Amino acid sequence: MDIGTYGYPTPAVKKIESYYDVPEGVDIRGRYDAEFAKILTKDALKFVADLQREFRNHIKYALECRREAKKKYNEGALPEFDPATRYIREQEWVCAPVPPAVADRKVEITGPVDRKMVINALNSGAKVFMADFEDALSPGWENLMRGQVNLKDAVAGTISLHDKARNRVYKLNDQTAKLFVRPRGWHLPEAHILIDGEPATGCLVDFGLYFYHSYSAFRRTQGAGFGPFFYLPKMEHSREAKIWNSVFEKAEDVVGIERGSIRATVLIETLPAVFQMNEILYELKEHSVGLNCGRWDYIFSYVKTFQAHPDRLLPDRVQVGMTQHFMKSYSDLLIRTCHRRGVHAMGGMAAQIPIKDDPVANEAALELVRKDKLREVKAGHDGTWAAHPGLIPACMEIFNNNMGNASNQIDTVKREDAANLTEQDLLQIPIGTRTMEGLRLNTRVGIQYLAAWLSGSGCVPLYNLMEDAATAEISRVQNWQWLKYGVELDEDGLGEKVNKDLFDRVVEEEMARIEKEVGTVKFEKGMYKAACKIFTRQCTSPTLDDFLTLDAYNYIVVHHAKEGPVKALN
């Protein structure tokens, strides 16, 4: 693998046998496949290219604004409600009425867009399946394009899979969950598709290809005249929501469907965004179906936002739950904001997965899920997320028992008490301890997740939890913060300070533990050593990278050239 100018690997280049029919200014560097060619049609690519050309400067400006905000926080400023948009927060207005097809969203299942997952999730008994091109997917070319094929087939109702090993055929039931799609965040490029010589914006590729091929069938079969439906990740400011709203309007106009057909739920999963919830809904007013508590990314964002604030160090990540004051305040304010504006307030992820070989541990895990979901429904959330089909009955039972026949709580639980929440409530420093086991778990989870991600899996079961990029991000930034400020450990590491020598020892010991847990054969065949290098470099870097996946993405890009030499991957 060659190393490029900035120390990142340059993409491997392989020779192409066939090539896609592309419009002017578009160059596809991903592998040719006849199935992918049905997605990457000339008209669909023109649609994506038009979106890219119209909005790329707006996107660049929004990302520059993020960098400016980070600079401000690193100089000591705190996130706050914007005085310039007070009128939006104080005026009485509502979003467009919720489409009847998605009035009831009590339990939503999430997962990547691989074929079996799509079928099982749509058949799971959940109200909604959020098909994920973002944190639950490793965004290699094959995963992305097969995901597009799978979603097109799912919306058409033709998706099936013959599992030869199990001699089983998977296909859709008559009743399925409603499909929402989560494209990537604004910051992620799509290096396999160049538009006017620049990598395309990942989310515009994800949105554009899916929308172009499926909007008509979706509105007929799933949306009852509305749709398609989306989840929008990683936003930090309402200006980013405004871009999405403009993208939706353009898409509706191009294909000739009514304004407000497309609907989206925004994940409030960055600390700056919690101060912008009214403004985000306002910008997406015609296209909104609510907000969601993306709590794992929110914790990651808390650390990232306060990376230069040594007085705001988090305790072990397992101690940062929704009962911490800053997390509870975020959830309560989200519910109040959404219901005041007439849209869904969605709860967070239950990441537990069934423990098949230990009934006692399995029941204890299920009880944790029940308690979490009971807290959510009593607080006023309209629905929640589950990572595994096995959790759906327990989650559904809690919401049904507490909501009766109602589809949601938008009109019944207003949470006026949350109107008094202040900036201090939303920023309150969490309480807890910082332990050696916390450092070890961060390291073990971070390396194993990244190894799987580099191997093509973005959704990874580890220690009875379903981990995605968000939990790996918490592990990375917390290690970085503890190292930077030489945190003194409590409990099992009492009095020991986190420094480079200690971290190197922990990494070595945890790598040995990983090898023991997964077995030497799998360890040697896997990407554990490469993952360890990337993870260690990120944890010990003088400056904190914004996203783990931006760095790691360079390792999974493979360019296929129409002609010329072949560079082999090492």
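Note: Cβ is positioned from N, Cα and C throughout, glycine not excepted.
Automatic, uncurated: that is what TrEMBL annotation is.
According to TrEMBL, the features are:
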type	residues	note
DOMAIN	24-86	domain 'Malate synthase N-terminal'
DOMAIN	178-429	domain 'Malate synthase TIM barrel'
ACT_SITE	Arg182	active site, proton acceptor
DOMAIN	434-555	domain 'Malate synthase C-terminal'
ACT_SITE	Asp468	active site, proton donor
Cα-to-Cα gap, the residue listed as 'active site, proton donor' vs the residue listed as 'active site, proton acceptor', nearest whole Å: 14
Protein Cβ atoms within 10 Å of the residue listed as 'active site, proton acceptor', excluding its own: 25
Three-state composition of the domain 'Malate synthase C-terminal' (434-555), taking helix and strand from DSSP: 82 helix, 10 strand, 30 coil
Residue distribution over DSSP helix, strand and coil in the domain 'Malate synthase N-terminal' (24-86): 41 helix, 3 strand, 19 coil
For the domain 'Malate synthase TIM barrel' (178-429), the mean pLDDT of the predicted model: 96
